[in-house]
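Participant: Starting off with a structure, shown below.
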Amino acid sequence: MSEAQERAFAELAPHYLLDVPRDVAWTSVHPEARMDPVAEYGREAPLIVEIGSGQGHAIVSAASSRPDEDFLAVEVFRAGLARTMLDADKAGVRNLRLVEANAPEVLSTYLPEGAATEVWIFFSDPWHKKRHTKRRLIRPGFGDAAARALSDGGLLRLATDWEDYALQMREVLDAEPLFERAFEGEWAERFDGRVMTAFERKGIAKGREIRDLVYRRKPRA
Ligand SMILES: C[S@@+](CC[C@H](N)C(=O)[O-])C[C@H]1O[C@@H](n2cnc3c(N)ncnc32)[C@H](O)[C@@H]1O
């Protein structure tokens, strides 16, 4: 990491980065570890979780413009976490925390059940080679983890520049009994709170179409 990124970890991590008990790997989460949002943010407020937050452009912008809500960035890329902390600090953002961990584990055990009012996944790695597509995050079974973390009526928002992955996301989530579409027509409108990131800009420059999706978590029985 660069000097600034090292500084981010030394000076800013104590405020922003959650201290997660690990299981086997560094980015794993111990299955018995549970986040306590009230203790972490010092209040009760709606919680928005971004999976694969990258450099943090979307979540820092959202957290600074929506001070009444709390935000959690989930990312495994250290330099991205450092950038996110530096930008959050510069913007004086206080309602944001970061977790350096594998997203499926955060959704399926670390977050308390029903804790998130929204889960965002923007430009998830497309793993575009045929032999790699099984590594995609949004694949059959993903809905269970996302539904566990979301509150009743909570929203799962997605965007991608990769057509084949967009089709897979829609097919997987349409088949999920715990979710229903929260959009009309083929694709959702661009989500207003989603700012342009480097990944989106790159996709557009390559002539790719950006597709948004939004699904609502059905109420628990
Ligand atoms: C293509 S980038 C998009 C980043 C950001 N959302 C944006 O739009 O700029 C995908 C990000 O997801 C992260 N990621 C991939 N798999 C992950 C996982 N299992 N848990 C947490 N983050 C993950 C990667 O490290 C990468 O930063």
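The backbone N, Cα and C atoms fix where each Cβ goes, and this holds for glycine too.
What TrEMBL says about a protein is an automatic prediction, not a curated fact.
Taken from TrEMBL, the feature S-adenosyl-L-methionine binding site covers E50, E75, N102, D125. TrEMBL lists K129, D161, T197, A198, F199, E200 with the feature substrate binding site.
Locate each feature and note its surroundings.
Facilitator: Annotation for D125 (S-adenosyl-L-methionine binding site): same-chain Cβ neighbours under 8 Å, separated by at least 6 residues, are G52, R135, R136, L137.
For T197 (substrate binding site), applying a Cβ distance below 8 Å and a minimum sequence separation of six or more within one chain yields G54, Q55, H57, A58, F122, F123.
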Participant: Looking at the binding-site residues E75, N102, which sits with the largest number of other Cβ atoms within 10 Å of its Cβ?
Facilitator: E75
Participant: Under a threshold of 6 Å between Cβ and any atom of ligand 1, which of the binding-site residues E50, E75, N102, D161, F199 are retained?
Facilitator: E75, N102, F199
Participant: Any idea what the Cα distance is from E75 (S-adenosyl-L-methionine binding site) over to D161 (substrate binding site), rounded to a whole Å?
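Facilitator: That comes out at 20 Å between the alpha carbons.
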Participant: As a test of the contact definition, list every same-chain residue at least 6 positions from E50 (S-adenosyl-L-methionine binding site) whose Cβ is closer than 8 Å to its Cβ.
Facilitator: A58, I59, F71, L72, A73, V74, V119, W120, I121, F122
Participant: Between any two of E50, E75, N102, D125, the residues recorded as binding S-adenosyl-L-methionine, what is the biggest Cα to Cα distance in Å?
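Facilitator: If we measure all Cα pairs in E50, E75, N102, D125, the largest is 14 Å.
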